[in-house]
Amino acid sequence: MTNVNRRPDWIKVKAPNSAEYYNTKDLIKNLRLNTVCEEAACPNIGECWSRKHATVMILGSVCTRACRFCNVKTGRPDLLDPHEPRRLAEAVQKLNLNHVVITSVDRDDLEDGGASHFAECINEIRRSSPNTTIEILTPDFLRKAGAVEVIANSKPDVFNHNVETVPSLYKTIRPGARYYNSLSLLHNIKKLSPEIFTKSGMMVGLGEEINEVVQVMDDLREANVDFLTIGQYLQPTKSHAEVIKYVTPEEFKYLERIAKTKGFLMVSATPLTRSSYHADKDFQKLKENYNIRLASM
């Protein structure tokens, strides 16, 4: 086991300093958009923003949940901004994005959990940037009747919802969520709109056992999930859940090999893998792998 008191060399990244990084930062600030890159203190922000790739966080910057792994602010959220979908579409245009990733905080205070706001954002982008592919990373819409239908009908190219961790750790790491609700959400999106690629991710290093990770893989395939991401959990602050283990690159390769035997179209498993890391390139690979599988049937 790697010493958890300091981050190993394979986790360290260079500080962002490119002109493209600052251009992206300024544009996001000027359009008054939130990003999960900043709010969740993502280690890949320098690389992604230098490539003009940012994951926009809609529905405000305050979450109604308090997951032990997440750095996003929690509390009473702001009122919905009706102009946010238009500003988001403007940012996509100005950044000339081929692929955009949209995520959000949890909004348990809203009747549909924010599903219709996601749909409005998708529609605005489709109108102004019809060639841009759209990936959404949503909350679980727990006890929000009709939300899954709204999302499925909005037809994103990729629907992502993260299970985050193994079921045995939900009470301590993700107490406001339900593992089987997350699986059901993923399964129902695929059932309602089979043409949408589905994706889910989890963190390791929180104390889970290998056999539990493998069971999550099986559960996700049972839900017809196409793409699995696995990355190292990093503690945002001392008040968050502790890192129990730094999983080595070799162990990540082992997990990737196992996952590939399960039938996923795509697997990304590295210490720095995050849900939207290299999402644009991965979407192209996802389509290629789908076409290869289709041709072999």
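Cβ coordinates are placed from backbone N, Cα and C, and glycine is handled just like the others.
Quick look at what Swiss-Prot annotates:
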BINDING   Cys37, Cys42, Cys48, Ser276  [4Fe-4S] cluster 1 binding site
DOMAIN    49-265  domain 'Radical SAM core'
BINDING   Cys63, Cys67, Cys70  [4Fe-4S] cluster 2 binding site
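The structure, with features from Swiss-Prot marked on it.
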residue	record	CB count, 10 Å
Cys63	[4Fe-4S] cluster 2 binding site	23
Cys67	[4Fe-4S] cluster 2 binding site	20
Cys70	[4Fe-4S] cluster 2 binding site	22
Ser276	[4Fe-4S] cluster 1 binding site	28
Cys63, Cys67, Cys70 excluded, remaining Cβ within 8 Å of their centroid ([4Fe-4S] cluster 2): Arg65, Ala66, Phe69, Asn71, Val72, Thr74, Val105, Asp106
Inter-residue C-alpha distance, Ser276 ([4Fe-4S] cluster 1 binding site) and Cys70 ([4Fe-4S] cluster 2 binding site) (nearest angstrom): 16
